[in-house]
Amino acid sequence: MWGFAGGRLFGIFSAPVLVAVVCCAQSVNDPGNMSFVKETVDKLLKGYDIRLRPDFGGPPVCVGMNIDIASIDMVSEVNMDYTLTMYFQQYWRDKRLAYSGIPLNLTLDNRVADQLWVPDTYFLNDKKSFVHGVTVKNRMIRLHPDGTVLYGLRITTTAACMMDLRRYPLDEQNCTLEIESYGYTTDDIEFYWRGGDKAVTGVERIELPQFSIVEHRLVSRNVVFATGAYPRLSLSFRLKRNIGYFILQTYMPSILITILSWVSFWINYDASAARVALGITTVLTMTTINTHLRETLPKIPYVKAIDMYLMGCFVFVFLALLEYAFVNYIFFGRGPQRQKKLAEKTAKAKNDRSKSEINRVDAHGNILLAPMDVHNEMNEVAGSVGDTRNSAISFDNSGIQYRKQSMPKEGHGRYMGDRSIPHKKTHLRRRSSQLKIKIPDLTDVNAIDRWSRIVFPFTFSLFNLVYWLYYVN
């Protein structure tokens, strides 16, 4: 009886002790126990040699990488580069950092990264990079129970991007980000995209003012240098330039200025001030557009697509100015000179012919001009005018007589009158030639302007058709 009661009494008093012991044991292994976590971290870092890679002397460390792109801030044609902000994450396994008793991942302070081995990753085509430091340095260390380490950084990098601008601004560019190990060869480290094609995210969120991202590709390969073979990962973007900005800022103004230069074809040929001022203004405007465009592009040795177009527009504008110079030369220069030579040649021929007509004198000493002679001379004068406003010249077919003044019919006086007959007739013909020289031929001038109104627009339209078909396709 007493034995049974004593056992019950022992059980009653020993139960709280067992519960306390179990609770104490659980509290030691509780992840929320800061002292236990501290002891675990201290144990991991105690004796850890940062100078040696994981599995030193064994197989290479496999480092997986993920990139979450925050933004592409700028693509510069002048500097041949682009600026990228991203969350860069690296995964690898370090058995020295495996732990037990805590079934949770340990996210540690960013300063712990200075006490652990991390891959010597760098960006091959980097020009300038930095890790953000507001409010603290933007890097993260996370440990998994099996020893897997996550090392994350928020980085902004300006990477080189060699561009082919031959088709600018109707071009597509391919910009890459090259990731490589600086010191470890493939015997010590291997890189791979963690997650395959989904290793890079955030591309669909990117919006650029002048480009659209057509696609992105991931490449993994090894490159060989004199010091060995090194792992390399490549992220490439195919960027297609948006043409809308250039249509409004470059192409449309150039087209309108070229069309404006053709207005001179409808301005009267004798309005020299208006036509010259219009031609010079359009030429200078095209020069200004071309100069402004070149300031935004690098000094490259080859011709770009937009250079071809602006040069074509400049040629059309310059030819429109030269067209008036040619018209002006025809009207005031070559035309009178040509007609002067023609008149002198005609006058000489008629002078020779007049010598054979000295004897065409009637009984009273009058010079007889046949109606056909008068008709021919008046037609030459009227033909030289070429304008209906200046060609209203009429004549009488009944014949014209040039009567000499009454002279004494002595022998000496008659001899002097006969000798003056050819001189007076030559003077009449010379006056006709001078009239032809003073009035230039307007037919050629008007024809040049009329043809220019057709040829210039047609040729410019053909130029645009060939240009856009070639560069767009």
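Cβ coordinates come from backbone N, Cα and C, glycine included.
Note that the structure is a prediction, hence the values are computed from the model and not measured.
According to the topological domains annotated in Swiss-Prot, Ile102 and Thr346 fall on opposite sides of the membrane. The number of other Cβ atoms within 10 Å of the Cβ belonging to Thr227 (4-aminobutanoate binding site), over all protein chains shown, comes to 8. Take the binding-site residues Glu180, Tyr182: by the count of other Cβ atoms within 10 Å of each Cβ, the lowest one is Tyr182. Residues 166-171, 246, 250-251, 254-255, 257-258, 261-262, 264-265, 269, 272, 275-276, 279-280, 282-283, 286-287, 289-290, 293, 445, 448-449, 452, 456, 459-460, 463, 467, 471 of the same chain lie 6+ residues outside the transmembrane segment (305-328) yet bring a C-beta within less than 8 angstroms of a C-beta in it. Taking the centre of the Cβ atoms of Glu180, Tyr182, Thr227 as the 4-aminobutanoate site, the nearby residues of that chain (Cβ within 8 Å, site residues left out) are Asp120, Tyr122, Ser181, Gly183, Tyr184, Thr185, Phe225, Tyr230. Residue counts for the topological domain 'Cytoplasmic' (268-271) under DSSP, helix first, then strand, then coil, are 0 helix, 0 strand, 4 coil.
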